[in-house]
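Here's the structure we're looking at; comments come further down.
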Amino acid sequence: MEALHKKIREEGIVLSDQVLKVDAFLNHQIDPALMKEIGDEFARLFADAGVTKIVTIEASGIAPAVMAGLNMGVPVIFARKHQSLTLTENLLSATVYSFTKQVESTVAISPRHLSSDDHVLIIDDFLANGKASQALISIIKQAGATVAGLGIVIEKSFQGGRAELDAQGYRVESLARVESLAGGVVTFK
């Protein structure tokens, strides 16, 4: 997606050969026009997938997920990282390790929002080692639902997440595939 590539080139900051900072438009400050384009593109890519719900993890996946949900006409559910007083039932949950935050947390979704009839699209801001995606897949399976595919805004192809998801037979559509961050330069695949 050229608009996303341009934004990454112009406003992304390479912090190391493993970390790309995109807080100017995706995961701190949000560019609504770009999010609309991202949502439109995910809706186009998964138009034939029979999606009934979209699932993401709070917080950075919410904006692209909502835009895709708006375009596709389906609800968006975000897995919570922190339990709320309003979440009192037995939750669907999984443990996830965050590469950038270097912390493990439990993410959860109320079972009232997913059923075995659902065909779920996972949307997330980044795909690195695939741990967040695997946690969401686990939650979806706990509900008896099926995974329609994964929509990733930025994939760090040099980390192993994509290969693992491909090996498991999941459809993965990434809008920007970063091949390398070596030398402080973003190289797209």
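Each residue's number is its place along the chain shown, starting with 1.
Placed from the backbone N, Cα and C atoms, the Cβ positions cover glycine too.
Here is what Swiss-Prot records for this protein:
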- Leu20, Asn27, Lys156: xanthine binding site (BINDING)
- Ala128, Asn129, Gly130, Lys131, Ala132: 5-phospho-alpha-D-ribose 1-diphosphate binding site (BINDING)
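Of the listed binding-site residues, namely Leu20, Ala128, Ala132, the sparsest CB environment within 10 A is found at Leu20. Across the structure, Asn129 (5-phospho-alpha-D-ribose 1-diphosphate binding site) and Lys156 (xanthine binding site) are spaced 8 Å apart at their Cα atoms. Each of the binding-site residues Lys131, Lys156 was scored by the number of other CB atoms within 10 Å of its CB, and the largest score is that of Lys156. Cβ environment of Gly130 (5-phospho-alpha-D-ribose 1-diphosphate binding site): Gln159, Gly160, Gly161, Arg162, Glu164, Leu165 lie under 8 Å away, each six or more residues apart in the same chain. Secondary structure at Lys156 (xanthine binding site), as computed by DSSP, is strand. Here the CA atom of Lys131 (5-phospho-alpha-D-ribose 1-diphosphate binding site) lies 13 Å from the CA atom of Lys156 (xanthine binding site).
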